[in-house]
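Chemist: Sending over a structure as structure tokens; questions will come in a sec.
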Amino acid sequence: MDRTVNQVALENDEREAKNTWRLVFRIATLLLIVMTLAFSAAALAYSMEASTPGDLVGIPTAISRAEEKITSALGSNQDVVDRIYKQVALESPLALLNTESIIMNAITSLSYQINGAANNSGCGAPVHDPDYIGGIGKELIVDDASDVTSFYPSAFQEHLNFIPAPTTGSGCTRIPSFDMSATHYCYTHNVILSGCRDHSQSHQYLALGVLRTSATGRVFFSTLRSINLDDTQNRKSCSVSATPLGCDMLCSKVTETEEEDYNSVTPTSMVHGRLGFDGQYHEKDLDVTTLFGDWVANYPGVGGGSFIDSRVWFPIYGGLKPNSPSDTAQEGRYVIYKRYNDTCPDEQDYQIRMAKSSYKPRRFGGKRVQQAILSIKVSTSLGEDPVLTVPPNTVTLMGAEGRVLTVGTSHFLYQRGSSYFSPALLYPMTVNNKTATLHSPYTFNAFTRPGSVPCQASARCPNSCVTGVYTDPYPLVFHANHTLRGVFGTMLDDERARLNPVSAVFDNVSRSRITRVSSSSTKAAYTTSTCFKVVKTNKTYCLSIAEISNTLFGEFRIVPLLVEILKDDKV
């Protein structure tokens, strides 16, 4: 037992010895660490020359200075952020617009040089002011939420009148046609010396110009090139289009009345002309015997054409030769368009019979009056590669005056309401190579035209008529998916007579508040409208070129009516 006790005591002594050495080691280690820290602090103090407590007084000052430097640096960073925002949000878009302006200028100049090489001209190529770049031929109002009729026209604004007026009581200026591209606009009208009903001789005024902004910020149209085609040719029903080579114009050459032309057996002569950037005009007769071999009368649609895919597209209407291939292809075809919430009470069979008869009005000897579209390649050679598209009458109503428009990436054909359907029509149009396809139209029920009974403004049933007046709508309000919501236009707000011109914004059912030209008894006739935006101010304007009665100097005066499009946020 003693051995056991001794063994336990020995183990306890060994354990105490180990604990003692551990304690000694720990104390030595701590002393070594403290000494190391002391030497390090002394070395640091010596290196910083902060050997006295008084030297520590400068630390708060140093901290304050450091704080000021940090604040200044943060301020500089904010300046950088502000400059970046300004660059991204403001300067870069403007720079892009200026770049687009330069590009468009270069393209126009190049086009002019190509044209100038053919006519030995040395004049410069025109282009709109940079304020308008990106605001012409675009979807101007893209809005899915607002009521279309919350947009409305301002009062008419005073601006430079770029349209010549008659200078005698017997003078007549009629049938305006207008088109505007990203670089320039084109305008034309007919000039008759002895009253508006004379068909034997006339002049054709043709002008090329650009949009400018005055020093006070006002919009004005500046005519740069113009010509009055005063020769032995009697050009009628002319349509104009702004193309990269100038102002292309399509006219019929007329020597007889419209009724006589429809009763003839040969197509109407047509001419493709161009006013170049140098102010020189050239034209070429089309081979109508080949192009319009199935027609007895053929006319441009009066409204502007459109430059699409290297070709210029013009609206066409006229009479088909009975039993010709084109006439036979349309036999039995018809379409009936209905008024909004106002159904025709006639029996369906009777409606169909009247709809079919509407394409062959008695006024033109029972000839089928047909809609068509003509495309011509734009090159230094006039009248090159013309191609005629005749759409089926399962889509279009009786042929009538019209206009081809391009807004954004969408193309449209306006068709005058010469037949029974009074509301304005815009057919979506797609192009494939050299031909066009028309689709079911947008209709604007409140945008009507006056007409003779039974095809007056409120008419709702198919009938055979030749009536109405040319008043085209311009696509203004779009959905985000590019479908059309609303248009701007100047209509004649009367049931039967060509009276009371008013401007408004229209959706498919109703219209906005109106801007009236004058009293409800004011006589008027054709109107053609085009809208654009001043990108610099983000203001949208619409131009309505309207034939307004003028009792002192000629029967009509063509007036360019300018409005700004405003918005009523309460609607």
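Glycine residues also receive a Cβ, built from the backbone N, Cα and C atoms like all the rest.
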Chemist: With the disulphide bonds as Swiss-Prot has them, who is the partner of Cys455, out of Cys461, Cys465?
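Modeler: Cross-referencing Swiss-Prot, the cysteine bonded to Cys455 turns out to be Cys465.
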Chemist: Looking at Swiss-Prot, which one of Cys461, Cys542 makes a disulfide with Cys531?
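Modeler: Swiss-Prot annotates a disulfide bond between Cys531 and Cys542.
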Chemist: If you pull up Swiss-Prot, which of Cys172, Cys238 shows a disulphide to Cys196?
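Modeler: According to the record, the bonded cysteine is Cys172.
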Chemist: Among the residue ranges 12-17, 234-239, 258-263, I'd like the one that Swiss-Prot describes as region 'Involved in neuraminidase activity'.
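Modeler: Spelled out, Swiss-Prot records region 'Involved in neuraminidase activity' over residues 234-239, not the other listed ranges.
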Chemist: Based on what Swiss-Prot records, which one of Cys247, Cys251, Cys461 is disulphide-bonded to Cys344?
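Modeler: Looking through Cys247, Cys251, Cys461, the record in Swiss-Prot gives Cys461 as the partner of Cys344.
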Chemist: Hey, what's the Cβ neighbour count for Asn341 (N-linked glycosylation site) at 10 Å?
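Modeler: The answer is 7 other Cβ atoms.
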Chemist: Going by Cα-Cα distance, which of the recorded positions (Cys238, Cys344, Asn433, Asn481, Asn508) sits nearest to Cys465 (disulfide bond)?
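Modeler: Given the candidates Cys238, Cys344, Asn433, Asn481, Asn508, the nearest one is Cys344.
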Chemist: In whole Å, how far does the CA atom of Asn508 (N-linked glycosylation site) lie from that of Cys542 (disulfide bond)?
Modeler: 19
Chemist: Provide, as an integer number of angstrom, the distance between the C-alpha atoms of Asn538 (N-linked glycosylation site) and Cys238 (disulfide bond).
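Modeler: A Cα-Cα distance of 34 Å.
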Chemist: Residue counts in helix (H, G, I), strand (E, B) and coil for the region 'Important for interaction with fusion/F protein' (124-152), per DSSP?
Modeler: 6 helix, 5 strand, 18 coil
Chemist: Between Cys251 (disulfide bond) and Asn433 (N-linked glycosylation site), what C-alpha distance do you get in Å?
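Modeler: Just about 24 Å between their Cα atoms.
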